[in-house]
Amino acid sequence: MTNPSFIAVDRNFDDLAERFEKNISTGGKGELRRRIIRADIERVLGNRLRCQNPPLRVLDLGGGLGILAIELAQAGHHVVYNDISEKMTGRAQALAQEAGVEAQISWHTGPYQQFVDIDDAPFDLVLCHAVSDWLAEPEALFPALSNLLVSGGWLSLCFYNPAGMVYRNLVRGNFRFLDKQQRFHPDAGSLTPPNPPAVEDVNRWLAEASLDRVCASGIRVFSDYVLEKRGGLAFPEQVAEREFTYATQEPYKWMGRYLHYMLQKS
């Protein structure tokens, strides 16, 4: 169960924007995550993504560098971007300008709680990736997301899987850490969430918000657990292909360091 008091306030990545961009968004991990998420969205929305008549109304909540938001704007959809970090928003705007779509995206900086009454709502598709992991009260996010969607609208939700942390400590022999049930205390510059919600809690909150899961994928289902890079593990392209293959397969997908759900508002 989540202990909300462990995260006193919602996390703002102004202090880690450059590290976030280098280590998470633009490196191999970020490319793999986006590939899996794109495939899930394509699997569910299909031709609706390629049809701009009418265009989709899309919200990227906690958008970070806004890479997927930019791609959707390039495809002709109406996109609204939000992030609590001014530095992240500024970097996303710069990337959108390079892509020629800055003016096609509506930009909003601030916490999502101030965003739920936006005039642009409701949306056909909401992207919410690695947001719930960093909130003081993550359970409040899910009814807000539901309210931002049209009836039958879609939510792309990506969140940290705490089971991955346990498994990683198991394969590394950190048994004393697990025996003591110690809470993870990240370094000041860590990009690992300190107390992410349990998957069971996330599933319950989604059900209570009338958000029905249509598909699920795991992100980084094996490569994060590797201790020795031998054989095919020494070749990043091969690793990425295997990760993509097993991302949707039972039971492997549930070992992903992150999970991605596509959900529909009922």
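Glycine is no exception: its Cβ is also placed from the backbone N, Cα and C atoms.
TrEMBL labels come from automatic prediction, so no person has curated them.
According to TrEMBL:
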| type | residues | note |
| --- | --- | --- |
| BINDING | Arg33, Gly62, Gly63, Asp83, His129 | S-adenosyl-L-methionine binding site |
| DOMAIN | 59-156 | domain 'Methyltransferase type 11' |
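Every protein chain shown contributes to the tally, and the Cβ of Arg33 (S-adenosyl-L-methionine binding site) ends up with 26 other Cβ atoms within 10 Å. Listed in sequence order, Gly62, Gly63, Gly64, Gly66, Thr89, Ala92, Thr109 are the same-chain residues six or more apart from Asp83 (S-adenosyl-L-methionine binding site) with CB atoms under 8 A from its CB.
Mean pLDDT across the domain 'Methyltransferase type 11' (59-156) comes to 93 in this model. Close to His129 (S-adenosyl-L-methionine binding site) in the fold, though at least 6 residues off in sequence, lie Arg33, Ile37, Gly62, Gly64, Leu68, Ser156, Leu157, Cys158, each with a CB less than 8 Å from its CB. Per DSSP, the domain 'Methyltransferase type 11' (59-156) is made up of 41 helix, 29 strand, 28 coil. A 10 Å cutoff on Cβ-Cβ distances gives Gly63 (S-adenosyl-L-methionine binding site) a total of 27 other Cβ atoms nearby, all chains included.
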